[in-house]
Ligand SMILES: [Mg+2]
């Protein structure tokens with residue numbers, strides 16, 4: 001496997017408890033050493049931490065969450081604009097970028113799909129990006145079924161140009177980056193309650209359980225992807241999302257899919 005700043009993230013085996021819906025994970029690989037480039041991408045603390053995610057915080061804790069060092073009130077605004085006419089009646093799906101749809105590295109990858117220049121501390125670096133197998137087919141169908149939102153804890157200066165190249169059909173109605181996350185207990189959390197959408201009509205697809213620790217019952221877990229070109233997770237998830245797209249209530253439908 002390519003050695004890169006981003007592959008320092010250890011692979012995770014994500015599991016959802018059939019009783020509680022809580023997500024757990026087990027480390028398959030130890031993280032490698034850190035360097036400054038890690039700051040460009042997602043917070044790795046939760047993935048470095050062998051303990052399972054803590055329970056969702058209390059309402060008061062949510063109110064006291066910090067964003068970029070500033071205390072923010074969670075109900076002051078919505079992250080998403082008004083729903084567009086073509087998406088009326090559709091569920092909203094929040095989709096992660098790194099290790100869910102793509103894998104990126106500062107180390108040259110001979111078969112990279114994209115090479116994106118990113119400026120860090122005054123120096124331009126090349127980021128090599130590989131697309132997860134079936135990502136094009138996946139995004140095209142997801143765009144037909146859902147209101148799709150890209151939500152990444154990575155910085156916009158990296159994730160925005162990558163998404164420009166990845167999403168040439170404009171599947172993502174909105175892109176949300178690190179500044180839209182809530183910084184909670186050392187991690188960037190994607191707080192679905194801030195989207196401005198009904199929570200029972202909102203899903204999140206993410207390889208990192210820490211990202212949806214506030215709303216584990218809205219999550220469709222996906223195994224982290226790095227370089228396995230035989231991976232078919234996205235293809236296999238399409239029938240799941242086809243079913244979910246018809247749901248009146250995602251909690252009920254996810255319970256059914258989990259075999260409850
Ligand atoms: Mg990710």
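Even glycines carry a Cβ here, placed using N, Cα and C.
Nobody curates TrEMBL annotations by hand; they come from automatic prediction.
What TrEMBL says about this protein:
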type: REGION; residues: 1-21; note: region 'Disordered'
type: DOMAIN; residues: 86-244; note: domain 'FCP1 homology'
type: ACT_SITE; residues: 96; note: active site, 4-aspartylphosphate intermediate
type: ACT_SITE; residues: 98; note: active site, proton donor
type: SITE; residues: 152; note: site 'Transition state stabilizer'
type: SITE; residues: 190; note: site 'Transition state stabilizer'
DSSP three-state assignment (helix, strand or coil) for residue 190 (site 'Transition state stabilizer'): coil
Close in space, distant in sequence - residue 96 (active site, 4-aspartylphosphate intermediate), Cβ under 8 Å, 6 or more apart: 151, 152, 204, 205, 206, 207, 208, 211
Contacting recorded positions for ligand 1, chosen from 96, 152, 190 when the Cβ sits under 6 angstroms of any of its atoms: 96
Distance from residue 98 (active site, proton donor) back to residue 190 (site 'Transition state stabilizer'), taken between C-alpha atoms, in Å: 14
Around the Cβ of residue 152 (site 'Transition state stabilizer'), the count of other Cβ atoms that are within 10 Å: 30
